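Heads up, the thing below is written out as structure tokens.
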């Protein structure tokens, strides 16, 4: 029998018989590992431990101590949910039930359930876990599988598409329950130590709105009850900080079904924050030698064909028919910037050329994936594009990373960094890739940045450095990026005249400091829990007159503080209620103004952190706030140490 080469994570090659399973290889490495094997990761894909190896592969054995074990456990938990559902609702029809980053979901139809029904389903699931049912894999003839699902068009659709070329398909059974599934799964339902159902939402089959509407039930699972409790507590904290909740409380933004899903409407308070964010990044760009440009929201599709986006992204684009000519809302800003560069003749002395734009883009995400500001159809990217000589790459990337680090420091955000290298399919020669990767890695080393190398995870057009924000709850969000691009200059035939009087191809660098304004707005809202630093806060100071007689004096103070965002609470409330409301509204500074303050020409200041008041001179307060805003401090500091 022929053999295949299995390469282990440490690089060790093993010659095994073709058709050997993941579990067979584990036993060949050692009997203890074989006994502990739960699944395998074959060429990056999580598979069942009984999966046959028919070609040379890279293999990682998954045990209970592996990160991937949680995915396997949650996949089995999805089946436990489905079994519990069918025990309680015999008409329930199952579609798909994958694991996710935080748990699992299962899309169902045939029954009408809501959040109130989850408790009973969860209780039945706990019974199934208590029964400790063996989970067994069975290979079934594909035609037989069609017969088993003669009343389930969704499973038949899977058999006709994903399994179209398979003679046999796998089913997993536990007790009376069975499901068409590729796996992998744990050995028994009793391995699930903590199980919870979380929420219900609507979904569409295959994620397409024209298909059947389904009910999606989300859940999670852990090896222990303690781990589940910790997750649920973290989830509770996250719900308290949910930017959608805070956005409504603070009148920051809204999303209205009348205007369309994934199309946020920024209210005055939200727009004030956006303006500050935009001014901040514009200042950084100008200081770094960028020129601001502007491109339209829509282009003829000829541009998108030239850039390659039409070929690769057309399904995610919003297309328009204008006088029998096709246009597309822009999904990215880079083709417009490349076109601007294309308008001029450039010498090697002119480079680098740096453009920036707060450019609105549009991407047709699946409706079920839209969520607040984290996933939208319309969003704004603080896009920067640099056109550089190959010998300028390292210097420009270093300067860009410096700006990114300054930005993260300004907002007091921790971060992680990934360095993504050349994928199997790529454009550009070996020499330029090797040099570019070396230059990017050199920048990270020079900045003493801890990073993870993601082998083969770069874009097809160049390597990249990705930063991920870490918020106050330890969650990670996509953030700044620096990407080299050898492809677009080629597609647009961009060039500059070199010192040798010959035409040369520049390298394009894509760069964003926030990623997108929408996601960054979301991250900041949840990171600060709505308590924005004074320089960002939509309302920086609220004046609280003790009585209506003090309103005129408050108006005079408002005029003196006209460089700041100041409001007057003129409702006929008690001072205590006014203070409490200002705290609830997360206003950084509150100034109580009564007869004593008016007679003395002072104000009584308190901040949202300190619960005591200090009588001070208006000019002193103004001077401090000017410093606090100019230095973009992340906390209220006026009363600290006074």
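Note: Cβ is positioned from N, Cα and C throughout, glycine not excepted.
Look at Swiss-Prot and you will find 334, 385, 510 tagged as Zn(2+) binding site, backed by sequence analysis. In sequence order, 307, 383, 385, 485, 488, 508, 510 constitute the residues six or more apart from residue 334 (Zn(2+) binding site) in its chain with CB-CB distances below 8 Å.
The domain 'TGS' annotation in Swiss-Prot covers 1-63 and rests on sequence analysis. Regional average pLDDT for the domain 'TGS' (1-63) in the model is 90.
What Swiss-Prot records for 242-533 is region 'Catalytic'.
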Give the helix, strand or coil assignment DSSP yields for residue 385 (Zn(2+) binding site).
strand
Residues other than 334, 385, 510 within 8 Å, Cβ to Cβ centroid, of the Zn(2+) site?
332, 333, 337, 338, 383, 384, 386, 483, 485, 488, 508, 509, 511
Validating a neighbour-count step here. Other CB atoms within 10 A of the CB of residue 385 (Zn(2+) binding site): how many?
25
Would you mind pulling the DSSP three-state label for residue 334 (Zn(2+) binding site)?
helix
